[in-house]
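Participant: Below, the features straight out of Swiss-Prot:
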{"type": "BINDING", "residues": "CYS13, CYS49, CYS78", "note": "[4Fe-4S] cluster 1 binding site"}
{"type": "BINDING", "residues": "CYS146, CYS150, CYS153", "note": "[4Fe-4S] cluster 2 binding site"}
{"type": "DOMAIN", "residues": "4-114", "note": "domain 'MTTase N-terminal'"}
{"type": "DOMAIN", "residues": "132-370", "note": "domain 'Radical SAM core'"}
{"type": "DOMAIN", "residues": "373-438", "note": "domain 'TRAM'"}
Amino acid sequence: MSAPRVSFVSLGCPKALVDSERIITGLRSEGYEISRKHDGADLVIVNTCGFLDSARDESLEAIGLALNENGKVIVTGCLGAEPDVIRERHPNVLAITGPQAYESVMNAVHEVAPPPPHDPFVDLVPPQGVKLTPRHYAYLKISEGCSNRCSFCIIPALRGDLVSRPINEVLREAEKLVQAGVKEILVISQDTSAYGLDIKYQEAMWQDRTVRTKFLDLSRELGEMGVWVRMHYVYPYPHVDEVIPLMAEGKILPYLDIPFQHASPAVLKNMRRPAHQEKTSRRIQAWRETCPDLAVRSTFIVGYPGETEEDFQMLLDWLDEAKIERAGCFKYEAVKGAKANDLGLEQVPEEVKEARWHRFMAKQQQISTNLLKKKVGKRLPVIIDEANGTIGKGRTRYDAPEIDGSVHISSRRPLRVGDIVTVKIEASDAYDLHGTAV
């Protein structure tokens, strides 16, 4: 009897990708096969995103495609928290579960396709679990949910309040990743710098010593594992200052992904964000004094309800002052269930949002171009993401996969994915570098 085959669609952010990895690991550990095609599989699981309307539409389209090509579909993920929306469009889905509902997903799979006889000597799963990323990097999710109440966000409604994983459990997973050959660990959560707050920074034993479930302790321990460690989704809380020396010492990468969202005090107040542009500017300056190599990435929203031209100009001025290395920008999109819908603020016309988005991107492109020019002539370590003989593409310590820039590399010797090589930077453009491996 052949093992049941499950096709899988993973949509949304890296945190959802980790959820998909966990489900697939569970399936593989029970002997299921994972299929690349819907057609011929025993069922399809669609892990959805439900944050923005565009993401909801993409999720609903993916469910429809799976129904057309297979017919047996289980839906999970953030959009699964709204089963009525899914049933209205696709009444024939077999089961719907919300985010992080791993056991419910497995139970639904068992009802459609019971697990095969299990032979642990044949159905081997890697100790680090099944990963959907390339072998040389992996996401490490340290918590679920978020206790902040930003007015534009529905993550707490979808995923609940902050629930931190025990630090010894997180470090054990990281250790397994390193043992499996992972060269770069990307730490993710909804609020990485709040790690452990919900459990009062509970202590645990790790390698015969006591460590706290806290951002600093986690950073320090990961920094001893001998791989690149990159911090994502960090709020600019004061205690983040304690981690910057670890970056200056080369323990973890000099990189912080901080979603500032805006710079205008009025807009930040309406967003209910725990930040202020003057404080963040001073904090970034202080961080760079401690770690001159630091790269800051952030995301921003333009066209938020009530945003005036003065507010937007304040954001552009802040970009000029802060000169952060990487920035993404989104045009505000109303999210069903978000508090922003009830604030009674004047909506920004779509054409104004579009114009401000272009102005923002032009400003940041100019900043990025000037900063990257300063890299020309330097020799930088680069991790290889793609290789074709002596031509390849990789990333510096200042660039995360898929969202930041790349280094386009030529080499006298064949390049291998996952290797970290020294590259002499010979040219730059708006977002990327070009150089030769030495």
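Just so you know, glycine gets a Cβ as well, placed from its N, Cα and C.
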Participant: I need the CA-to-CA distance for CYS13 ([4Fe-4S] cluster 1 binding site) versus CYS153 ([4Fe-4S] cluster 2 binding site), whole Å please.
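Facilitator: CYS153 ([4Fe-4S] cluster 2 binding site) has its Cα 14 Å from the Cα of CYS13 ([4Fe-4S] cluster 1 binding site).
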Participant: Rounded to the nearest angstrom, how far is the Cα of CYS78 ([4Fe-4S] cluster 1 binding site) from the Cα of CYS146 ([4Fe-4S] cluster 2 binding site)?
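Facilitator: So the Cα of CYS78 ([4Fe-4S] cluster 1 binding site) lies 14 Å away from that of CYS146 ([4Fe-4S] cluster 2 binding site).
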Participant: Give me the Cα-Cα distance between CYS153 ([4Fe-4S] cluster 2 binding site) and CYS78 ([4Fe-4S] cluster 1 binding site), rounded to a whole Å.
Facilitator: 13
Participant: I'd like the per-state residue tally for the domain 'TRAM' (373-438) from DSSP, helix first, then strand, then coil.
Facilitator: 1 helix, 33 strand, 32 coil
Participant: Within its own chain, what residues at least 6 apart in sequence put their Cβ under 8 Å from the Cβ of CYS78 ([4Fe-4S] cluster 1 binding site), listed in sequence order?
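Facilitator: CYS78 ([4Fe-4S] cluster 1 binding site) has long-range Cβ partners GLY12, ALA16, THR48, CYS49, GLY50, PHE51, GLY98, PRO99, LEU158, ARG159.
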Participant: Mean pLDDT over the domain 'MTTase N-terminal' (4-114): what is the value?
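Facilitator: Mean model confidence (pLDDT) across the domain 'MTTase N-terminal' (4-114) is 92.
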Participant: For CYS153 ([4Fe-4S] cluster 2 binding site), what is the tally of other C-beta atoms lying within 10 angstroms of its C-beta?
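Facilitator: CYS153 ([4Fe-4S] cluster 2 binding site): 22 neighbouring Cβ atoms within 10 Å.
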Participant: What are the helix, strand and coil residue counts for the domain 'MTTase N-terminal' (4-114) according to DSSP?
Facilitator: 55 helix, 22 strand, 34 coil
Participant: Through the lens of DSSP with three states only, how would you label CYS150 ([4Fe-4S] cluster 2 binding site)?
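Facilitator: Assignment for CYS150 ([4Fe-4S] cluster 2 binding site) reads coil.
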Participant: Give me the sequence-ordered set of same-chain residues, not including CYS13, CYS49, CYS78, with a C-beta within 8 angstroms of the centroid of the [4Fe-4S] cluster 1 site's C-beta atoms.
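Facilitator: Going along the sequence, the neighbours come out as LEU11, GLY12, LYS15, ALA16, THR48, GLY50, PHE51, ALA55, GLY77, LEU79, PRO99.
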Participant: Could you say which of the binding-site residues CYS13, CYS146, CYS150 has its Cβ with the most other Cβ atoms inside 10 Å?
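Facilitator: Comparing the binding-site residues CYS13, CYS146, CYS150, the most crowded Cβ belongs to CYS146.
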Participant: Just to be sure I understand the packing, how many Cβ atoms besides its own are within 10 Å of the Cβ of CYS49 ([4Fe-4S] cluster 1 binding site)?
Facilitator: 21
